Every structure is written in structure tokens, then in C-alpha cells.
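Visitor: Dropping the structure in here first, questions after.
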Amino acid sequence: MRLNIPTKPEDALWTDDQWKAIQANGNNILVAAAAGSGKTAVLVTRIIEKLINETENLNVDELLIVTFTNVSAAEMKYRIGKSLEEALVQNPESVHLKKQVALLNYASISTLHSFCLEIIRKHYFEADIDPNFRLIEPIESSMIRDEVLEDLLEKEYSIENNEGFFHLVESFTGDRSDAELHTLISKLYDFSRANPNPDLWLEQMVSFYDTQAITSITELPYFPIIKEDIQLRINQAKSYLLTAIDYANENNGPAPYLSTLENDLAQINTLSSISWDNWQDVKFGFESIDFKRIPALKNKADFDEEYVEEAKKFRDAAKKEVKNVLIDWFSREEENYLSDLEKMKPDIKTLSELVKKFAENFFEEKQQRGVLDFNDLEHLALKILLKNGAPSDVANSYKKQFKEVLIDEYQDTNMVQETILLLVTNSNDTKGNLFMVGDVKQSIYRFRLAEPTLFMAKYQEYQQDGEGSGIRIDLSQNFRSRKEVLDATNFIFHQLMDKHIAEIDYDEAAELTLGASFPEANNMATELLLIDMKSEEKESEDELSPQELQKNQVESRAIATKIREMIDNKFPIYDKKLQQNRPIQYRDIVILARAMTSAPDMEEAMKIKDIPFYANNNSGYFETTEVATMIALMKVIDNPYQDISLAAVLRSPIIGLNEEELGQIRMAKKKGYFFDAMLAYKDITVSDAANKISRFITQLNNWRELSIRENLTALIWQIYQETNFYEFVGGLPGGKQRQANLRALYDRANQYEKTSFRGLFRFVRFVERLEVRGDDLGTAKTLGEKEDVVRMMTIHASKGLEFPVVIVSGLSRKFNMRDIYSKTLLDKDYGFASNYRDIEKMIVYPTIMQQAIKQKKYREMIAEEMRVLYVALTRAEEKLILTATVPDFEKTSKNWLQVSNQQETILPAAIRAKAKCYLDWIGNATIRHSHFKELLCEEKIKTLPTDMKLQVEIKTKEMFLTDDLEKEKSDNWMENVKAHKQVPVKSPYKDEIERFMHYQYKDEEATGIRAKQSVTELKRQFSLQDSWSDTSILKEFQKVSLDRPKFLQQNKLSATEIGTAMHTLMQAVPLDDKPTEKDLVSLLQLMREKDILTEAQIKAINVNQIIAFFESALGKTVLQKKDKVKREVPFSYLLPAAKLYNQTNLDEHVLIQGVVDSMIEEEDSIILIDYKTDKIEGRYDNWEAAEKVMKERYQIQIKLYAEAIQAISRKKVSHAYLYFFDGQHICQINIEEGI
């Protein structure tokens, strides 16, 4: 269609694209507005132009304007109102304008949640809900959710023959609790609610496990993900080998390697032409890769050692890529991968039904309480707007009402919100009325289930000329930042973003162009500050060796140093209001971070440099001493029989007891609750501590009565008044903040009591749940937004904001991969994926679906993190500083040099996709800048043409320890150390510290006793001596026996590993008849197919030794009494430590754990049999000599077995035998003597 755009006035300040966005009509419009492009101004102007144009006869209440936040909605309404009033001043007689001012308060300018709430309140009867509902906060909703879910699971447990549910519990939970299932149901519920039809989404989730009609992995719906991942790894292996070949071709490079490397590359290239129609062909292709041994270099001195090592390193990396493909995608047979999914289908169906039941019960419970939560708003609005799959009468009325629907931040919309918006617009007509503004490069809310693909689909579908289903307008001109900031952003993201990795191309339409005007300046180059954490090899003899500071601490000090330099040097900042430069102020600087974990270190570093600092941190509230003390006191008031909370209160300033007095309380009553011990101490002791306790008990009783009579806030205020705790914390360091935290506790208790929950017990439980979930509330704010301080905030919190100087910190912080590597994965397209747990064998396998979804989620995470970085870099107006630590700059820069010969602007996909942190991207991008090339003196680097001004600084961590060293020198600290003199102590706690240091623990012997010990470990320890009394055993208890690493297990199996294999086979041999060699070989083959034993283990097993056992008298007895035989019997047995150590003063116990190989359980007695794989033949002269050694070695183990089994079964162990496979010897152990 032809765009009828009015001619732009000559004096208009708008760009052509902005003018087009303001004036375009006649179809759906998507405005792709880059960072700083003035999208909000364009959106407001478009609305105002429509309203003041009386020929359009458009009223403000005929527009639906949807914003992302309530703040944005309020600002939008303010701007529109102000513009209307200004227009009315110009045309005071306009009835139309007066009408718009009057209607403004009734206009639909809000978040989508608010619009949904408006729909529900007007049409509640269509949703069949009580019109007097109350909208609850997420915290109250989560509490109701927990109660409903606990009730649901309890009911499921109580249903008889509920086999499907119990199998699900066994498959997806641990041994100790069903907390994992609780979390899983809750997550699935949340995820399903991001879909217009949650029940349908859950049913589709089950369908992905139906593989009966599927004959090959290539037919799976997510096979393209698998294929793409494998191809990416093939390309990465190629890249590694090409880099290795480059090193081999260097002067003095390892040229003898070339033939092998080129052969490797040829093999990898064959994989590019592999047929993807047959999974077995793909598998065969990778299994056929044979990396030959690299030739030895005869005259090593002729070759550059660095080139040799780098060539080897990159070849090894290529080999690892191929190996990982085999591990990740071909570790199991194709039919096993498919059958695993089919076996899981019943569990997934049960899980799906559970989530549906929970959703129904949860909504019913909220209805009974007369409340709704934010999730309900969208789905109830959808229920009202959609009837039988078509727009309802209500939806059609909104379509008639709204002449245009305008959406801000469209890139953060999800599927439910999209469906709602489409139901109230004419978007499906030939003349749509949907106006969407956003920037998909700034879509950073996928964790809130935002769906950026909605934006991208329209971006690709809509045309700039208006033909087709919509109009696309690109706003790329940036009116926020200096050219230096824009050049840096473009230089980096031209190399990073494309549709393949970032889900969008960073092309000419997407790049930022200069729109703002700043005076020329020479010091605005983008800075990359890297701190090398590698310690200097030699320290100055007259200085203390620097302490090993954590990365966050060093980087924080480097940033503080940089800020102090800028402040001291009066770094110039352009003031847009004054239209001239002025010296930089603290408020001009913001530090951005992906997370706030480094905030405490940053605060400490700023204190050192005397820089006022404020961190917008939403965590740490419950950890503050004053709040933790109050929470502990409330727990004690609710239930005084809570030892830890009671001890915390007694030790706190509220009561003021010390550790020694707490110890005396416990001695007053050694066993039982600490509260009872406190009462006993009060009654038998006359002391200051007893007086404090008496007063506390009186107060406690009063508070307990008050908690019943009054509300929670009255109780908290009474505690503040009676104890003077509020005044006390005000006198401590940071007293203003501490008092603000206590006031916040009072306020939050007040908010809590406005919910549907009441009482102290529920509040305490509510706080405990917040702590367990990590839903901290953040310390109270004591600083205003306008104060002159350096601010630190997350990148997410900075979205939509701008600052003169931006320091993007923590670029080497690893991406959060926790969700990707969790046991269960959720995906909008494929539902739910997890491991397959074989309950009978107790073996867990990764499923092909889990592997595929993991790769999909990883790629989505990489794309999201790339967009987060884009948001961070585009916050800067004038100066951009990037900071990171590197473990060893020399090695790190060599890794970046892998792209030095890259011809294309875009970096290789594999390098971008495998990034572990932002620095992996920034390092590989900036190393192709001429400044970096000069810094490294690397002529082979192929630089990219750019206007970007870059300044790279490499600092050592020792540079930021000066403050500590100067302080130490001022205290004559080093001089005293060198003179072997006592270091002066200025602490007021000197005496108390010395008392701590000289404290002697009276039960020191008990510290050497483990609470739990295996019989095997005890046997090994006791083989060192003949009695239990030797105290050298204590040291043995501290030793840890570790399994051999995987790379060592590839060699010959150890004796222990062979023994494990023999025991595993003995556990599986059928006892119906004496096994033959054929029987055992078949059994071993089956165990290999089911991954119970490895090929190496099977080869180590001598089946003739197994046959010989069943031919022995002991073996025949086992076969004869097969119905009474139990194998691999685990047990736990509590044994007095005094018995083990022969020390009567030990009042401790040791939990002994072990597994009996085999036992024959008669009616009144038991025979124990333990199999041994010790080497006998050829090691001892005769069996008598061997028997003596074996009895000494194993008698403790067998006696412990016997004592434990007798105590547990209450049957006498009549006989105990050791059977040695080597030589077929039977050894009877005398158990009558006991231990």
C-alpha cells in the first residue's frame, strides 16, 4: 500500500523516520526504535497529533495505550495532559481540546495488567467471579500457593493404589523429601500460564513423549536443534585446526605437524557433507574420525616452543569437540533414546494432570478468600474476551471503542498478552490499528517469560513500504550518546549479533547513528580496563607481600581508583541544561553490573577512596544483625523451644549474655531444650546472668500474651519500646541504616497483616519461606535519588535510564548456567524435559530431549546475555568504561588471537556461542582494533576499519593494594615483624580476644570421632593395629578415599574396581540352578547393554571363578536355600564410641554403615557370607599362611557385620564365612569373641 505521509514542515526537529512513525496510518505499524532514538517522544507526539487534529474527530478514551510499568504510564499521561493544555492555550475556544482534557482521566493509559483489571471489574459476571475481589501481592499469592500445593500432595499420598503418583514421586524426587516435586509443579504452573491455553500446553507437553510412531531421532520435532548444535561443533573443530595449522606454518613453527593437522582437517571436512537423514550415518561419521599420533620433533631447538604448544593446544581442542559430540549425542543407542521417552510418558502425563489439579485448586482457594493475583488478571481477561475460540461480544465492543492500540516496549510481550491485544484490535483486518514500539535488542526479560520472537516475526514480515500485513519503521538515530559511545557499541555488536546467535541481525538498519550534538573532547575514548590477577613473581623486600584479594575486591578497587582520578582531575561533562562543560560530579557516574554480588566489595573500595556511594541492592535485609535478632525474638515468642533462636536472643544486646554464660546455662541441664536449661539455671544460680534471665522471662510471657491479644505491629512496637533496641542500634556504626531496617520490619509486618493471613506464627513461617527461597527484601533505603553519590545498579535496573559516565563492571563474571544444567528444563515450544531415571536399577540417563532442550535454552541464554550487554553499553551519554579481571592476561589474549586472521566482520558462530562471560565477546571483538594490535605488537592481527576510539589498560592486581601497604607502614607493622617484636594491638577487644585464644575445649578427644563411618573404612583403619585403644586411629578417621578420575580409569582396573564388578555380578546371578559359562556370558552381555557394567569390567571378570563358587559346599548351600538368601543387605548400626576407643569418658556414638554381600536367614539363625577378590595364589606359600593374614585383615569387618545384623534382626549369627574367588578358599571367622 502507498503510505500517505504528510510533508514534514521545514522547521520540524524530527528525523524523516521519526516523522514517518508519527504520521503513518492505515495498517499495523511496528517501530523498531534503537536505544536513545526518542521512541517515547515519538509515541507521545503521535498521540497528541491525533488528538489535536479535530478533523480526525478522535477522543483520548478511544485510544488504548499500553506501557511496561506504572511509572511509564503515569509519565505518559502527564506528558499527554501537558501537551493538551499547551494546545488549549494556543486555541482556548476549542471544544474538542477541552473535551480531551476532561476525558484524560478516563483514558486507558496503563500497563496491560491494569487494563485487564479494568476489563474484569466491568465484566466480572462473564468470568463468574465475585466483584468484590481484592488484588494481592506476589508474596501473599505464594503463601496461598504453598498451602494449596501441600494439601494437594498430601491428598495424593492418601489415595490407595495411586501407583502413577508414587512412581512420579520416585522418579523426580530425592530420598529425603518431595521438595523437588513441589518446585517442579510450581514452575510448570507458572510456565503454562504464559500461554493462552495452559491446559492445552500441558497436554502438548505429554505428546512429545509419544515416540511409538517415530523410528529415528531425525524424525523428532526438535531434531533441527540437535543438527544445528552438531554443525556448530564441527565448525568449531575446523576453526581450531585452522589455527593450529597457522601456528605450524609460522617461521620456526612445528612444520612436521602439518601433515597430521591437514589430515585431521580433511576428516572433519567430510562431516560437513554427511547425510542427516539417517542418525546411524551421523554416528558412524563421528566414530570414524581417527586422530593419529602427532609426530615427535627431532630437533626441538629448531622450533619456537610457543608455536609448538599453541599448535598442540588447538589440535587438542578440536579433538575434544569431536569427543564431546560422541558423549552428548551418541552415548546411547538410538532405540534406547526413543524408548526412554516412551517409558517416561506415564510420569509426564501424571505430572501434567497434577499441575492441572493444582491450578484448579489454587484458583478455587483464591476465590474462597475473595482475592486474585496478577497471573489471574490476564487469564480472566482472556476468558472474558474469548468465547469458543472467537472474539466475544465484549471483545468486539472494545474493537469498536479503540480506534488505535499503542504498545510501548513491545519486545517484552508474552503470548498471553499478545492474544489479549489482538482480541481488542483490528490487527487481522486489511487495515490494522495496532501501533507497536520497541527494540528487540533490548529484550532482556525472558526470565519473566517475555517472548522476543513475537517482535522479530513482525519485523521480518512487515515492509518499510507498507506492502503486506504491516508497516516497519526503523529509528536508528541516537540522541543520547556521544559518537565515541556509538562507535564502540557498533564496533562490538557488528561482530557479535546476527540472526543465528542473537536472534537478530545487527545490520545497517539496526546500527546506531549519531543524532546528538556534543562539543569536541579528546578524552572520551571508550576504555577497556583489564586487571591481571596473575601474581608478580618477586615481591619487594621492604614491603609486605600483598594478600590474595578476591577478583571482586581488586576490580572494585580499580574502579574506585579510576573514579577518584576523574573527580580529582575534574573530568569535563557536558551539561545539556547549561549547554557547556562542567567538572564531573559523583552523581554523573553509575556502575552497572549483571548482579549485585560485588556491591559490598565496591562499597568498601569506595570508602577507602572517600567516595560517597549508594548500591541499589535488593538483598541482605534478613542477614542484617538487627533484623536477624528481631526475627529470632519473634520465633522465640511464638515458640520458646527453639534452641538456636533462643541462644541468638540471649546473646544479643536485648539480653546481653556472653558465651561463657550460655555455656553455664547448658550445664545446668545438659539434655533437653535450652529453654528448660535456662529455667533451671535461673532457679539454682544467683548471678547477674540469672537476673537478666528473670527479667527476660517476665518480658517473654508479656509478649506472648500480647501476641495473642494484639496485632503484629503492636507487638513489634512494644518490643522496640521496652528493650530500647531501636535506640541501641542507632548508636552503632551505620545506625541510620539499622534503624531504617527496623522501621521497615514494622512496615512489612503491617503490610502482612493486611493480607488474608494473620498472627505471629504465620508471619514467622512467611519469613522462613522467604529466606529459604532467597526472596530477600533488600535493606531499607536511606538515600534519595538526587544526592551526589556514585550509584551502582544492575543492568536490568538501568534499562530506560541514561548517565554521563557508565562503568560496566564484572565483565569476566560467568554467565548464570544454573537453570540450563538443572535436572528439569522447561521450554515454551517443547514443554518439559528431564533425565530418565531407571528406578529398578537406580540409574539416571540424560534423555535426547533433555540434551536438545538444554542446547536450545543455552542458545536463548546466549542471545539474552548479548542483549543485556547491549543495554549496558547504550546507557552511556559521554564516557564508557569497561572493566574486568583476567586470570593471566598473556594466556587470555592468546585465546583471543584465534580470531586474528578472521576475514569476515562477524565473529565465528562457535566462538560467540561458547562464550562464558561478556569478556569473551568483548575481548575477541576489541582485539581486532588497531589500538589492541599496537598494544600486543602482533602484526598478524587483521584489524577492522572503524572510527571507534579505544584505550586498553592492563593493570596488575598489586597496583591496587597501595592503601593497605601504606596503612601497615604507618603502624610500624613491618618493622615490628622484622625485629620479631609484638605487633601493637589497638583493639578495645584485646582482652576478650586473648581469652578466646587461650580457651581449652574439655572434650577435645571427641572431636576426632566421626558421627558416621562405613565398616569398610573401619576395617582398613583397624588393619593397622591389633587393638582399639591406639589414638593413631583418630588420624585415620580424617582420611578420605576418593575414586580414581575418569582419565585414569581408562587404564587397567584397580583391585577395588575388579572387586566391585565381581560383587555386582554375584548380586545378579539367578539362583534357580547352578550357572553355566553360557549363562554367565549372557548375563554379562545383558548387564553391558543396560550400562550396569563397562566393557573393561566385564573383561576383568573370570566367570570360571563364579562357577567354582557354586560348585563349592558353600555355594551349594546357597543354591539349596535360595528362598532364604538375601544379597547386598545394607544396614546402619549405632555403636558406642567408648567401645571402639576403650575410653570410658566418651559419651558419644558412631553410626556404622555397611552392606552384607550375602546372608542365609533361617528361622532362628543367620549365616553371613562375604566375597573377597584378594590375590591368594602365588602370593602366599600355602593356604594356612594366607588364612592367617586374611583373618587378621577381615575379622573386625565381619564381627561388626555380625553384631549389627544380630542387633537388627534379633537372630543369632551362627556362622560367618569369607569366600576367596582366587583359589576357591573358604575361611570361617570366629564371631563368638565379639569386638
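Each Cβ is built from the backbone N, Cα and C atoms, and glycine gets one as well.
Dumping what Swiss-Prot says about this protein:
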- 12-482: domain 'UvrD-like helicase ATP-binding' (DOMAIN)
- ALA33, ALA34, ALA35, GLY36, SER37, GLY38, LYS39, THR40: ATP binding site (BINDING)
- 509-800: domain 'UvrD-like helicase C-terminal' (DOMAIN)
Visitor: List the other residues in this chain whose Cβ sits within 8 Å of the Cβ centroid of the ATP site residues ALA33, ALA34, ALA35, GLY36, SER37, GLY38, LYS39, THR40, in sequence order.
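Guide: Along the chain, the qualifying residues are VAL42, ASP439, LEU475, ASN478, PHE479, ARG480.
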Visitor: Where among the binding-site residues ALA34, ALA35 do you find the Cβ with the fewest other Cβ atoms within 10 Å?
Guide: ALA35
Visitor: For ALA35 (ATP binding site), name the DSSP secondary structure in the helix/strand/coil scheme.
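Guide: Note: ALA35 (ATP binding site) is coil by DSSP, not helix or strand.
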Visitor: Which whole number is the mean pLDDT over the domain 'UvrD-like helicase ATP-binding' (12-482)?
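Guide: Result for the domain 'UvrD-like helicase ATP-binding' (12-482): average pLDDT 92.
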Visitor: Please report the three-state DSSP label of THR40 (ATP binding site).
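Guide: Going by the DSSP assignment, THR40 (ATP binding site) falls within a helical segment, counted as helix.
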Visitor: Including all protein chains displayed, how many Cβ atoms other than that of ALA33 (ATP binding site) lie within 10 Å of its Cβ?
Guide: 28
Visitor: I need the most crowded of these binding-site residues: SER37, THR40. Count other C-beta atoms within 10 angstroms of each C-beta and give me the top one.
Guide: SER37
Visitor: For GLY38 (ATP binding site), what residues in its own chain, 6 or more apart in sequence, show a Cβ-Cβ distance under 8 Å?
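Guide: Spatial neighbours, sequence-distant, of GLY38 (ATP binding site): GLN18, LEU475, PHE479, GLY515.
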